[in-house]
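Positions annotated as disulfide bond by TrEMBL: 172-180, 470-484, 499-504, 501-536, 542-547, 544-575, 581-586, 583-629, 588-598, 601-604, 608-617, 633-668 (among others). Per TrEMBL, domain 'Integrin beta subunit VWA' is recorded for 11-432. The domain 'Integrin beta subunit tail' feature in TrEMBL is assigned to 608-697. Annotation comment: TrEMBL describes 721-757 as domain 'Integrin beta subunit cytoplasmic'. Marked as transmembrane segment by TrEMBL: 698-720.
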């Protein structure tokens, strides 16, 4: 935002007399609605918009492998469009769509880079026939396949290798009687070629070498393969680098062990296909390798043994478009590893963009196979893409500010591992159209001291003021400052602005909606009273620290509504006729009542209880007030109805209405309604028939009591009879048992007993001695007197 810059979502106005006192020229830049509110017509508002135009839009290639016509790589298109121009306005994003389609039979270059340290001896034997075998397999993928070969060992300095003369000639141990070639850093054995037999021939002539430490100098070799494009023979096609090893790697900083401190320069240093600067430059860093591999669109396949899988998987996460495969101990599975890794790499497309200008941002959204949508970092890529599949990306580019010079910038977007890219030209809208019609040395700018453009003066160098009327060399500050003090006070521009050429230019606030104004910047539009944390309650505007309220609002903070709809009760009366509506809130006049519409009376007995006695005496001439009814109960009109259905209902009335149900001294219920019509007229509708409970029916009660007594007597007799039956049965069982015992005693016979008694010292009257008495004794026991008689 500035006197000529159109900033974030702001508009420039080209009316000459638009500015008010105290406003700087930058106040011409504002939001559209704000400018219209301040009195500027749409015809005088500059509102430039961004745009997108496609400059090159060659359609993607639909090619089949079995087609008779063979296309060159530069004739195949996989991404569309190829060039776009964006006109960017600050804060406004421009969106465009890219389409990507994997072409069938796309040419492939594969360079096999192998570790030839001694531990890879058995692997070399299996790689010697790799050329023809891999050619045969790759023919299933592409008809245009080139293959090359390179090898590496280690830097040729201590402590990486032994520098004794004998070990320089043959670094392998003499105990194995092995003959090895001299150690070297990197050797380009075979430039990329389509002749598989030549690959086999040259590779079969290679010999193993040796070094001292376990990590190898593979990063030196990868750097040279990436940057020596002409020597390697890279074409502008899919480029694969297969890195085969059974050990770890040295990286930047490790060269210090050998006294090498110069960072790797990332340039090609091949002489006679040998890397000649390994002793001079340190190993490259991982970030340096990533940059060079990406710049040259090379996809890396790490074919490593199981032991070093974790190390190279971590490295893979740092190198985009790379893969890791498990190499068997003798490299027998290398062809399958290469095919699988190629399929994995080619099935994923990842977009990357070049360096963005300052203040420019870019976002991606991917629309992938099967309608899958990715956003954020996932918006850059699509996976599981087969040959012939088409995916698209929605890309939005936004500029937050104009670059310092306002010049055009160019960035590129490309899929990683592919040679094609999209060129995007960024033009920044930093000037309004009206600036093109500016009048240099205009008389409207104090005798030609500026250019009059867009309704304002742009002063020449050395001139200041709204009309460029002052010179920076001739200004006497004290004299001019006096014109910027209100009422001869001490504050310049009320401490809210700067005195420029004797005129106050008010300060700008961080919030563009807030501004100072008037001649001495004494007014503002943000220091008014607030309500609910909103300026002027959100129902007015602030002018010179005073709220100007909208219609139907009043108060210092415009927080008092004149609308009475919020005070309407259910009966359509304002505050139920018991209060007044102030600022949209009921103020109850009777302190007994409360609630949003004065409908609640916690201490009141209730309308029904209050009027019960009067209704009872008027309608039925009963109750406590029947003797004073005319005196105390003549304040309402009584209307009789036949039944409760005839009583008025609340929904049919526009005034308060209460339904009542009360009981008199005889326990009879009566029903009525109480209402106040027009605030004064009270009406009572009453059902003229009492609902009294009916008297008891004596006959059913007596019959019920008698029946109850009879039933209870019968129940008791039944219980007694049951107990007697149980007792008799028990006695009979006992009798039967004793009877059985008596029969057993009768049947049993008693054996007669014969006794001989020899009396001693027995004398008879006849003085007879030695006499014997013979008798028979039978004992009989009667059944009923057993044991009592013999």
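Yeah, the Cβs are placed from backbone N, Cα and C, and that goes for glycine too.
TrEMBL entries are annotated by machine, without manual review.
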Would you mind sorting out which of 172, 180, 484, 601, 633 (the disulfide-bonded residues) have a C-alpha within 10 A of the one on residue 499 (disulfide bond)? 484
For the disulfide-bonded residues 172, 501, 504, 575, 604, the one whose C-beta sees the most other C-beta atoms within 10 angstroms: 504
Shortest C-alpha distance to residue 629 (disulfide bond) - which of the disulfide-bonded residues 536, 575, 604, 668: 668
Closest by Cα to residue 668 (disulfide bond), out of the disulfide-bonded residues 172, 586, 601, is 601
Sort out for me which one of 180, 536 has the most neighbouring CB atoms within 10 A, since those are the disulfide-bonded residues we care about. 536
Same chain, 6+ residues apart, C-beta under 8 Å of the C-beta of residue 588 (disulfide bond), given in sequence order: 575, 578, 579, 594, 595, 598
Counting across all protein chains present, how many other Cβ atoms fall within 10 Å of the Cβ of residue 629 (disulfide bond)? 17
For the domain 'Integrin beta subunit tail' (608-697), what are the DSSP-based totals of helix, strand and coil residues? 23 helix, 29 strand, 38 coil
Its Cβ having more other Cβ atoms within 10 Å than any other among the disulfide-bonded residues 484, 544, 608, the winner is 484
Tell me the Cα distance separating residue 470 (disulfide bond) from residue 172 (disulfide bond), rounded to the nearest angstrom. 88
